[in-house]
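Novice: Pulled from Swiss-Prot, these are the listed features:
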type	residues	note
MOD_RES	SER2	N-acetylserine
REPEAT	171-208	repeat 'HEAT 5'
REPEAT	210-246	repeat 'HEAT 6'
REGION	315-346	region 'Disordered'
COMPBIAS	317-346	compositional bias 'Acidic residues'
REPEAT	327-368	repeat 'HEAT 8'
REPEAT	372-409	repeat 'HEAT 9'
REPEAT	517-554	repeat 'HEAT 11'
REPEAT	565-604	repeat 'HEAT 12'
REPEAT	690-727	repeat 'HEAT 15'
REPEAT	731-770	repeat 'HEAT 16'
REPEAT	772-813	repeat 'HEAT 17'
REPEAT	857-894	repeat 'HEAT 18'
REPEAT	1007-1044	repeat 'HEAT 22'
REPEAT	1157-1194	repeat 'HEAT 25'
Amino acid sequence: MSTAAFHISSLLEKMTSSDKDFRFMATSDLMSELQKDSIQLDEDSERKVVKMLLRLLEDKNGEVQNLAVKCLGPLVVKVKEYQVETIVDTLCTNMRSDKEQLRDIAGIGLKTVLSELPPAATGSGLATNVCRKITGQLTSAIAQQEDVAVQLEALDILSDMLSRLGVPLGAFHASLLHCLLPQLSSPRLAVRKRAVGALGHLAAACSTDLFVELADHLLDRLPGPRVPTSPTAIRTLIQCLGSVGRQAGHRLGAHLDRLVPLVEDFCNLDDDELRESCLQAFEAFLRKCPKEMGPHVPNVTSLCLQYIKHDPNYNYDSDEDEEQMETEDSEFSEQESEDEYSDDDDMSWKVRRAAAKCIAALISSRPDLLPDFHCTLAPVLIRRFKEREENVKADVFTAYIVLLRQTQPPKGWLEAMEEPTQTGSNLHMLRGQVPLVVKALQRQLKDRSVRARQGCFSLLTELAGVLPGSLAEHMPVLVSGIIFSLADRSSSSTIRMDALAFLQGLLGTEPAEAFHPHLPILLPPVMACVADSFYKIAAEALVVLQELVRALWPLHRPRMLDPEPYVGEMSAVTLARLRATDLDQEVKERAISCMGHLVGHLGDRLGDDLEPTLLLLLDRLRNEITRLPAIKALTLVAVSPLQLDLQPILAEALHILASFLRKNQRALRLATLAALDALAQSQGLSLPPSAVQAVLAELPALVNESDMHVAQLAVDFLATVTQAQPASLVEVSGPVLSELLRLLRSPLLPAGVLAAAEGFLQALVGTRPPCVDYAKLISLLTAPVYEQAVDGGPGLHKQVFHSLARCVAALSAACPQEAASTASRLVCDARSPHSSTGVKVLAFLSLAEVGQVAGPGHQRELKAVLLEALGSPSEDVRAAASYALGRVGAGSLPDFLPFLLEQIEAEPRRQYLLLHSLREALGAAQPDSLKPYAEDIWALLFQRCEGAEEGTRGVVAECIGKLVLVNPSFLLPRLRKQLAAGRPHTRSTVITAVKFLISDQPHPIDPLLKSFIGEFMESLQDPDLNVRRATLAFFNSAVHNKPSLVRDLLDDILPLLYQETKIRRDLIREVEMGPFKHTVDDGLDVRKAAFECMYSLLESCLGQLDICEFLNHVEDGLKDHYDIRMLTFIMVARLATLCPAPVLQRVDRLIEPLRATCTAKVKAGSVKQEFEKQDELKRSAMRAVAALLTIPEVGKSPIMADFSSQIRSNPELAALFESIQKDSASAPSTDSMELS
């Protein structure tokens, strides 16, 4: 017998003792053993433990009973299934015992066992088998109404089972429904309440037929409001419908037109409990079926407005003293009794609370009605801030906060530049409400109730975030409220932290001048909080003090407030926190950060305290725990424009920082490099040379491609040091350059690192005398290309040539006197017949950059060389020469542009390359310098719009787009006219040209483009397929980059867009390829473009979409071509995250095409490509399934549950699903999709 088995055997023996203490201790020890992961019971031990614990459930001692029932939880996952069934059978029998205590213990035991069983989603069938076993016994217990206690326990357990395992119990759903429905008529409230909960869970999991039966039963039982019926019966039915709405509202949509008018009528009956139930049902319907509730929104809004004020027992005075209320006598009849309405009978607060929650659901589910809500709901909510019941007041605040969040304008530069009309109107209305809100909250901010004040702070924080600056004129009221809460030591610390957090937010949203008059009374309580003994308050107060310093005495603006009266106290209280050694880590870090801000912003006013403070920062720099915040604080001090004297700490700080560069901790390295760069910029020649050498010795190891960000900061620092102390670079320039040149040969070089390298190279040759000779640097840069030409080594990546060319140009710009000779040498290399392809490519790319610096010395020769290269057999040489011709031409338009236009006319075979050159010239030249040539270019381009090659037409379109930017107000109307005048290829080219006018950055053409965009979008009705495809690509670009251009047009555009998602049989044809027939769908590219537009709309215009209509077309796409299915799978996944409620309504229809894709088989004998395509389709479909499974209630769908079970039972699908879940966990941010 193993040790564990022997120990358990001895415990079982003790459990038979007559001494209750022995039995209790033995059961407690058994509990400890069962909770160990390592314990394994043999079959005999299992049987004995189960038998003993079931026996102890009937123990005479209650404490032993309770401990035994707790042991069942860990036991059921350690024993075999038949033992679990034995436990469950015994518990079910005990539930029907005559002994009340045993019944109670059995009920608790069943709940414990069910809660510990592994869920069905894990693939274990244990829970399902156990639940099936006890369902029959539970239904019989519920049906026999002899013992209400047994009924209640059984209903509780059944409700719990249905919530966790509703779908696997499908075989019992019909019997459960017929068992539960009669309980709605039970005379006992508790039975009715539990039956309502169980029916809600059943409604979410049952089949469609059973759900219809349930809904019809409930609706048929609902009488008309004038039919005499028991109020209790009506209440129960409405509560049941509300429960069904909450659990399975997505299935109730089809019944709402019949149901909602009845519930509206019942709301008007004089029964507050019934009103509460009706409003709760409306809330559920609005959240789960917002589209179907659309026609009923006006009536529901009216009822909410009526009942949020429903307080028959009180009269709120209308004068300023809103806290004094006056009670009136009133009669209230409830269930045929006529008693005086007293506070004890007052149920009206529940009605008001339900109305407030329903209003919150209204606002969140119908963002399209926001302007109406601002007019109708907002004033009423503001007036109800005076609500006397704390719970109701909290929900009123929540409802107004939901309104604020819906009003929040979309984030990003575009909306900041140009608010959409609707958003601007909403913000304007909200701005008018601000004085009313502040007035309504003035007394609440000093309310005795902590919860009321917390609600005020939350609401005002949201308001400040939506309308920054709007609270400035109300600062006296707000400061008074903040001080009241900061001084409140009688309540919990939470309210003081909330007040500090609110103040911190205000400092970020309101202008600094608003705080100036209040600082004398505001600063003392903040500093008292800094010194508070509770670490969380101290940490929060230090952040506020830091924000005060940053906001009131900004670095780069004149000081509008004299800091002298405050700086001493602020410094003293922060230093006290900084010096303490036994502090919480968070307080230490925030004290260091706060001191960094104090020194950086007000160091010139610290006087004699400055040096001790700096030394204290240096001490924190030595400490491993505080070194990271100390580095950041030192950086703040270094970048300060106050030019503080850092000599007392400089040498030692540099040596410490140098040691950090050796640490294998990325965050530390990045912070250290930022600090070093700041110190080099601010201190320059003051840096001790020996300390600088110690730092520089660590840098070569950091300049490599293993961490590009670290490399970029290291090179930036090198450039700064080169300018500040050139002599320091003498010893390390060799190793550093060696690493930098290796880095420049990386094909993955980011733009930031390249820019840093250019700056460093310019610094090296820009010093006097230069640290490294210009000619030597050029030689080092170009050596890899020339060496490759000699030894025939592996070719460099194309991107490397561009990087090297940029560096050559940077050096030429830093040494203009050398530029001409460099250009001459490059021309020779490009012309030489002995030069390799790589040398020529580098020469042309370098000329493209250097040519604009070198001047006109070699232009004639250069033209000839470039033209000759356009005929090179090497595609890379031709492309580089084309690029160089355009870039050099942009620097000398009078010489090059007429020549380039002549060549385009004269050389039709080289037209594509020459048009690329023209595109580069148009993009690089100044608009004003191009105006004299605009007409000639315009005519030339439109002559080439009808070219046969689509690639050439694409370049022509891009050239037209760049040309329009030269003179938008004149050329954009001309471009629009070409739509009517041109043939199909011309129309397509014009639309593509307009696409190139849209960038992801603000541009002066945007307002003009917006005024014309509707006319360009009319091309969606063009009879030509290619024109419609080009228009969809243009629309997609607008939606993706500048959604405000098209938002106002969506009502007209969306029907046309959806039309393009349909498969058109007249565009499908058969093509014979030898003995085979091949189907060609000419409409595929247009459909694909339409679905790409739909995806982009999800990201930027979600609020303007009718998601139910949108989903109709997504469903069609799920059965379309491979490319479109891939797109719609991604859309389904995104929709599951963005708007789960409407997706849940359609989940049964969405699952079938996903299942079909996941289970599809490739025909035997298919090529490898077909297998790869099918695998990719399966992965994409499974990602969509995984996203659908994140919707909280989706598991209750029978079809989804069936498919989940199919996935688990199929090894291939299970492995795929597991792989996708791992991918999602490791890379959660997969929201965006690159679309061509």
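Quick reminder: no glycine exception, Cβ is built from N, Cα and C everywhere.
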Novice: Which residue counts does DSSP yield for the repeat 'HEAT 11' (517-554) in the helix, strand and coil classes, in that order?
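Specialist: Output for the repeat 'HEAT 11' (517-554) reads 32 helix, 0 strand, 6 coil.
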Novice: The repeat 'HEAT 11' (517-554): which same-chain residues, six or more beyond its ends, come within Cβ distance under 8 Å?
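Specialist: Hits for the repeat 'HEAT 11' (517-554): 475-476, 479, 482-483, 486-487, 493, 496-497, 500-501, 503-504, 507-508, 561, 563, 565-566, 569-570, 573-574, 576-577, 583-584, 586-587, 590-591, 593-594, 597-598, 601-602.
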Novice: Which residue counts does DSSP give the repeat 'HEAT 18' (857-894) for helix, strand and coil?
Specialist: 30 helix, 0 strand, 8 coil
Novice: Across the repeat 'HEAT 9' (372-409), what are the DSSP residue counts per state (helix, strand, coil)?
Specialist: 33 helix, 0 strand, 5 coil
Novice: For the repeat 'HEAT 16' (731-770), give me same-chain residues lying six or more residues beyond its boundaries with a C-beta closer than 8 angstroms to one of its C-beta atoms, as numbers and ranges.
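Specialist: The answer is 693, 696-697, 699-700, 703-705, 708, 711-712, 715-716, 718-719, 722-723, 777, 780-781, 784, 796-800, 803-804, 806-807, 810-811, 813-815.
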Novice: Who are the long-range neighbours of the repeat 'HEAT 25' (1157-1194) in its own chain, taking Cβ under 8 Å and residues 6 or more past its ends?
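Specialist: Result: 204, 247-248, 250, 1122, 1125-1126, 1129-1130, 1132-1134, 1136-1137, 1140, 1143-1144, 1147, 1150-1151, 1200, 1203-1204, 1206-1207, 1210, 1213, 1216-1217, 1220-1221, 1224.
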